[in-house]
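What follows is one structure encoded as structure tokens, with my remarks underneath.
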Amino acid sequence: MAAKQNRISEALSSFIRAESFSGIFLFFCAVSAMIVANSPFSDIYKNFWEQPFGFSFAGGFYGFSIHDWINDVLMSIFFLMVGLEIKRELLFGDLSGFQKAAFPVIGAVGGMIVPGVIYYVLNMNTPSYHGFGIPMATDIAFALGVILLLGKRVPLALKVFLVTLAVADDLGAIVVIAVFYPSPEGLHFIYLGVAAGLLILLTGINHLGVRHLGVYIGIGILLWFCVHHSGIHATIAAVALAFCIPVKPKIESKEFIQVVQQMIEIFESKDKERKNILLDTQQMSAIDEAGRDFAKVQNPLLRLEHALQPLCAFIIMPLFAFANAGVDIRAEVNFHIDHIMLGVILGLVVGKPLGILSLTFLCEKCKIASRPAGVSWSHIFGAGMLAGIGFTMSMFVSNLAFDAPQASDVSKIAILLASSIAGIVGSLYLIINYKINSRAKVKS
């Protein structure tokens, strides 16, 4: 049990480091996109993403635009990692028990409902009402990047709370995408039926003890194809696949230790007989067998998650930011399209902290759950502000919510402004709060 807890702790630490540093890189890519989109290279930037990429066969073209490859295919890999994180947290982490999960989950619910309601109230009875999902999202990479820069000014318990809240927020965002943002062409039930059959197959091979990740990835690609053509956004297939990835390793730790000890004994016995630096056949076989067992003892879920983390953090998400954050503000952008601008900014900057603080406060007063030790209400409010950094996740929802370029551009500018305000104000608030608390401790 202790070894398992250590592995989960290491996974969480690795996750925080990767997400935090990638947040800085994401910011650089977003700024670069804005600079290029407002430079003489603006047309090249826009046209590049619309270039088709694929292959031709029998008179037909099979592929997508570069923009769609990033938003539909690469982002599915990102959502696969998100799904793995959610499953890990549900089974072993801070979402694994009611007492541990209740406080951050209720905070995440408040941080989604209040921003969504604010946006909807401002835009109801307008064509832009369906953008309510935009301010509901949180960009965990940016939020953790900011909280990392604050260092010791923020207690570790608050970092864990923010990570857990963001994971729960991701789960909520996935539900919102699946339910409220289907394809405008409607649902295709034949593809949905095949997708359901593939999900049953994935669940079945998991229960049968199949641990080879290649099998799951292969079936997952077919699942992605069916969901993509069904009318539901393809990233949902990636999340469903993540929940089917096995947790148990092929061999247990005790068996692995016995095998390794046997290999070491063989290696040592043959080493005494060796007359030169070359390994003999039995020693080479022992090394090969030990190598195979190293893979077998690894948890498939954690192994895949660790493999995807750097890919998502330093390639996929920066690419997404660079491809989607470039809005030409020199053009005639109609900032008065309904109340998109106001809805997104108020939702993220005001709605997020208000929703998180109010629902967690009620949660504690009703004795459903309590705050983590060492975390004050001022900390919760500060974390709520940082949760208002929607950025990439909000932009992803914006792409689904708006087909009209004008509405999409306004929402993206609003997301960038709101995320900047939330990050700056949240950071200053937590710094000032730390200084006030430090002075109070000195006086006492």
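Cβ from N, Cα, C; glycine included.
Remember, predicted model here, so these are calculated numbers, not experimental data.
Copied over from Swiss-Prot:
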- 21-41: transmembrane segment (TRANSMEM)
- 64-84: transmembrane segment (TRANSMEM)
- 102-122: transmembrane segment (TRANSMEM)
- 131-151: transmembrane segment (TRANSMEM)
- 160-180: transmembrane segment (TRANSMEM)
- 185-205: transmembrane segment (TRANSMEM)
- 212-232: transmembrane segment (TRANSMEM)
- 307-327: transmembrane segment (TRANSMEM)
- 342-362: transmembrane segment (TRANSMEM)
- 377-397: transmembrane segment (TRANSMEM)
- 413-433: transmembrane segment (TRANSMEM)
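If one looks beyond the transmembrane segment (185-205) by at least 6 residues along the same chain, the residues whose Cβ comes under 8 Å of a Cβ in the stretch are 215-216, 219-220, 222-223, 226-227, 229-232, 237, 240-241, 244. The stretches the transmembrane segment (377-397) and the transmembrane segment (160-180) are in mutual contact, each linked to the other by at least three Cβ pairs under 8 Å (pairs 6 or more apart in sequence). For the transmembrane segment (64-84), the residues of the chain that approach it from at least six positions outside its boundaries are 48-54, 170, 174, 220, 224, 228, 233-243, 245, 301, 304-305, 308-309, 311-312, 316-317, 319-320, 323-324, 396, 399, judged by C-beta separation under 8 angstroms. 21-41 is the stretch from 21-41, 160-180, 212-232, 342-362, 413-433 with the greatest number of Cβ pairs below 8 Å to the transmembrane segment (307-327).
Using the rule of three or more Cβ pairs under 8 Å, pairs at least 6 apart in sequence, the transmembrane segment (160-180) is in contact with the transmembrane segment (102-122). Contact check: the transmembrane segment (21-41) against the transmembrane segment (131-151) gives at least three Cβ pairs closer than 8 Å, residues 6 or more apart, which meets the contact criterion. Taking every listed stretch (131-151, 342-362, 413-433) in turn, the largest tally of C-beta pairs under 8 A with the transmembrane segment (102-122) is reached by 342-362.
Beyond its flanks by at least six residues, the transmembrane segment (342-362) meets 103, 106-120, 122-123, 128, 131-132, 134-136, 138, 165, 371, 377, 380-381, 383-385, 387-390, 394, 411, 414-415, 417-419, 421-422, 425-426 of its own chain at Cβ-Cβ distances under 8 Å.
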